[in-house]
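What follows is one structure encoded as structure tokens, with my remarks underneath.
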Amino acid sequence: FQNVGRNERIIDADQTFSPELRHWRDVFWLAIFIIHLIVLGVLLAIFGLNRFKTADRLNIDRYTEGFWENNNGLTETYWPKYAVAGGVGTGLGCIWLLLLGSRANQMMKVSVHILTTYLAVISVLCFWCEQFFWGVAFATGAALQFLYVIAVIDRLPFTMLVLQKAVKLVWSLPEVTRVAYAFMAVMLLWMGIWSFGAAGVVASSRGDLGRWWLLVVLSVSLFWTGAVLCNTVHVIVSGLVFLVLFHGGRNASSMPPNSLMKSLRYAVTTSFGSICYGSLFTAAIRTLRGFRSKIGNNECLLCCVDFLFQLVETLVRFFNKYAYVQIAVYGKGFNRSARDAWELFQSTGVEALVAYDCSGAVLLMGTILGGLITGTCAGVWTWITWRDRVIMVGSTAMLMGMVL
């Protein structure tokens, strides 16, 4: 009877990966993302080419003359700084993946404890460069990071166990790591185009305010693109891990052939619209949700912001990262996947464990640390040559490092 039940479940599991049950989901957001990439690619080419080798090659400055400053900056002046950022970010990403497989516990401890120190060091450097606003910002970040670690220190042992188990499972599937490297290479190629346009913006004749606004728009786009690729990897890995766990091992006789390619195909076709849709919201909502946990036991402040975060908690029900597992396994749309994942947690009691686990925050610390190191490398070189562009180049290079 147990074997019959298992066979039926295996048939059901295979059907979840059946092409007949897979339909295109959230096509509107897929179209928005593709159009956004095309439009942004054209703008990046214009911004970069306008200052490449010849100042105002496309004669754009005539539209800003008289109310924005003019200078003779060139794209190639700043593009090498972003090349360094891309190289450092890629190197750190590869090292991060390798060390997670062999030294997961030590890597997590480094992320938790070194980040506070590094933020403090960056703060001192900003004060030394007379960038008082950024010095205060990084000092505040160091203080909040320290307080957060103190607040959740009793939860870290459980978090480390969760991460060790996850890393052990994923590391037993070497093809998963190859997928991560492949998507990192795709992201690096897009960053080559993105940084070309960003370097053109930094070198443009617009005033600091105009440059900053353009860089903010470009950074939001880069963040969305990076989140889409990251969540695509998430869906691919989730689909493969589901099959391995369900069938009792990757070498099981019931394991369907070409599992990785099936998961990859569904992630970049029928489910890609759902990934684009969810990537717009999940990172922002998770950031807002995590901020509440950093408030600590300040009852007055908690009362002031509680209403806001009640709204955030409502949004979390519809935009949570666990929706990507439902997308990977069943091919559902993002809204339905998020709702079903949340209801599953509530009905099984797993919600309490998810709330106690702070592995996402620990991994985020590693991401921020990698971004800070990348931004520092690009920022130091910029400070040597163009001191008035240090923060502009350093902050965007930091974003590149975090995405990679």
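Glycine is no exception: its Cβ is also placed from the backbone N, Cα and C atoms.
The feature transmembrane segment, as given by TrEMBL for the ranges 82-100, 386-404, sits at 82-100. Counting C-beta pairs under 8 angstroms (sequence separation of 6 or more), the transmembrane segment (112-134) fails to reach the transmembrane segment (27-49), with fewer than 3 such pairs. When each of 27-49, 179-200, 212-245, 361-384 is checked for Cβ pairs under 8 Å to the transmembrane segment (82-100), 361-384 comes out on top. Listed by sequence, the residues of this chain that lie at least six past the ends of the transmembrane segment (212-245) yet keep a Cβ under 8 A from its Cβ atoms are 13, 17, 33, 36-37, 40, 44, 47, 169-170, 173, 175-176, 179-180, 183, 186-187, 190-191, 194, 197-198, 201-202, 204, 206, 255-256, 259-260, 262-264, 266-268, 271-272, 275-276, 278-280, 282-283, 321, 324-325, 327-329, 392, 396, 399-400, 402-404.
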